[in-house]
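What TrEMBL records for 45-63, 466-481 is compositional bias 'Polar residues'. The compositional bias 'Basic and acidic residues' annotation in TrEMBL covers 84-101. Summarising the annotation, TrEMBL assigns domain 'Serine/threonine specific protein phosphatases' to 271-276. Residues or ranges marked as region 'Disordered' in TrEMBL: 1-113, 462-481.
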Amino acid sequence: PSKISTDNLRGPSSALASPKRLSEPGLDAAAIQSIPGAKHRRSPSAPSLSETSRRSSGASNDVQDQDEVQAPPSPTLSSSIGHGHSDITKAQRTGEVEHVSDAPPTGTLQHNNLTEPTESILMRKADHKPSAAAAALALSEGSASKDMDIGALKTSDLDDMIKRLIDAGYAGKVTKTVCLKNAEIFAICQAAREVFLSQPALLELAPAVKIVGDVHGQYTDLLRMFEMCGFPPNSNYLFLGDYVDRGKQSLETILLLLCYKLRYPENFFLLRGNHECANVTRVYGFYDECKRRCNIKVWKSFVDTFNCLPIASVVANKIFCVHGGLSPSLSHMDDIRNIARPTDVPDYGLLNDLLWSDPADMENDWEANERGVSYCFGKKVIMEFLAKHDFDLVCRAHMVVEDGYEFFTDRVLVTVFSAPNYCGEFDNWGAVMSVSGELLCSFELLKPLDSSALKRHIKKGRNERQNMLNSPPASQYPQSY
């Protein structure tokens with residue numbers, strides 16, 4: 001399969017070593033769990049999730065230096081990456097691929113027409129509100145300043161912040177500071193924690209909805225995606241996690257997504273990815289970006305918000321959506337519903353697996369994951385999972401795939417990755433999976449942009465947008481390409 005892992009927690013000493021198999025042929029999930037210490041295993045050179053989290057969870061600004069956390073090796077490239085993209089002509093004829101965009105962000109589309117969604121797509125509300133203790137824990141850190149508290153965060157405030165964030169994206173520059181004040185960021189994080197905890201850990205959504213994979217701070221590509229698929233609330237969205245790290249504008253990316261969540265809480269949904277975690281953001285860039293452009297308290301406030309994110313979603317009772325994959329600890333959907341939040345990501349177990357595991361073409365049901373965390377699972381595990389829960393498809397992210405989307409054996413699982421030209425190193429496309437009201441799935445693709453051409457188009461689009469703002473407004477709506 002044409003994919004690479006986007007991260008792993010193996011130390012540099014094991015970067016070139018062959019992945020060690022956890023189980024012998026024929027061992028199933030139960031057998032794996034019966035191996036002494038099997039669920040606790042990880043690469044001996046990898047820092048544990050909780051260990052690194054403890055290093056970075058101090059309340060003071062004097063968090064330990066980045067040098068004390070060893071960065072994992074670069075992503076491992078599979079043999080099929082770089083061999084060219086698939087011929088999508090057939091997929092376009094059959095309707096599997098709906099749109100392909102190589103357009104840069106225009107800056108001329110009206111991104112917020114101040115309309116309201118027609119109806120909520122959240123099928124099942126939370127069975128109960130979070131306990132007072134959970135709410136207090138979620139709100140204990142990163143509280144807003146006196147001039148911007150949760151009571152003052154009104155719809156007009158959100159619309160203004162969304163406009164400023166999008167304008168900053170269309171400016172085409174990474175500024176030294178963020179366009180929002182720290183007090184506004186704290187207020188956004190606090191309000192988002194309340195909304196996340198008021199909704200279930202397992203979201204049950206009705207179609208139509210667009211499903212988005214990893215974004216990783218590629219803010220310009222996020223705006224391109226909204227231009228292609230429709231700015232909220234013109235389309236409903238479910239994001240599968242990994243909003244921060246690696247890209248240059250993780251702050252703008254997560255802030256815009258949180259603002260949209262607050263503005264359209266029952267039509268815009270964000271799941272947790274493995275990068276929405278204190279220790280991972282310490283290594284892969286978000287911590288450094290917060291420290292450089294804001295301060296460490298801002299990073300801590302985001303981490304507190306990440307700890308409240310929902311974990312998985314079921315669309316139309318048929319499509320199971322999660323960032324990573326399946327888990328030998330997952331027996332019933334209530335296992336996910338009962339995950340207590342706020343919570344950090346543990347070293348092993350259900351939550352860890354849902355965020356870290358990967359499908360693999362292998363004979364065994366479960367094997368150790370070469371990332372050094374969680375497992376790989378085979379086709380048999382997927383088929384049994386779908387049959388048991390009466391699902392048709394598993395939709396996940398977590399891996400770079402050449403064409404932005406890639407089906408696993410017999411189309412029982414699909415990987416969606418939405419960051420084109422990931423890290424500026426791979427010529428992969430980005431994709432968004434659209435689920436229609438009739439449960440028909442199609443894909444909208446973003447091609448990578450040449451950086452010099454991108455700069456020229458951004459400048460041209462900025463001039464066109466300024467001319468539009470200086471003239472009487474026209475009734476324009478987001479377009480698809």
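Each residue, glycine too, has its Cβ placed from N, Cα and C.
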Mind tallying the compositional bias 'Basic and acidic residues' (84-101) by DSSP state, helix then strand then coil?
6 helix, 5 strand, 7 coil
Can you tell me the mean pLDDT for the domain 'Serine/threonine specific protein phosphatases' (271-276)?
98
What does the DSSP secondary structure composition of the domain 'Serine/threonine specific protein phosphatases' (271-276) look like, as residue counts for helix, strand and coil?
0 helix, 0 strand, 6 coil
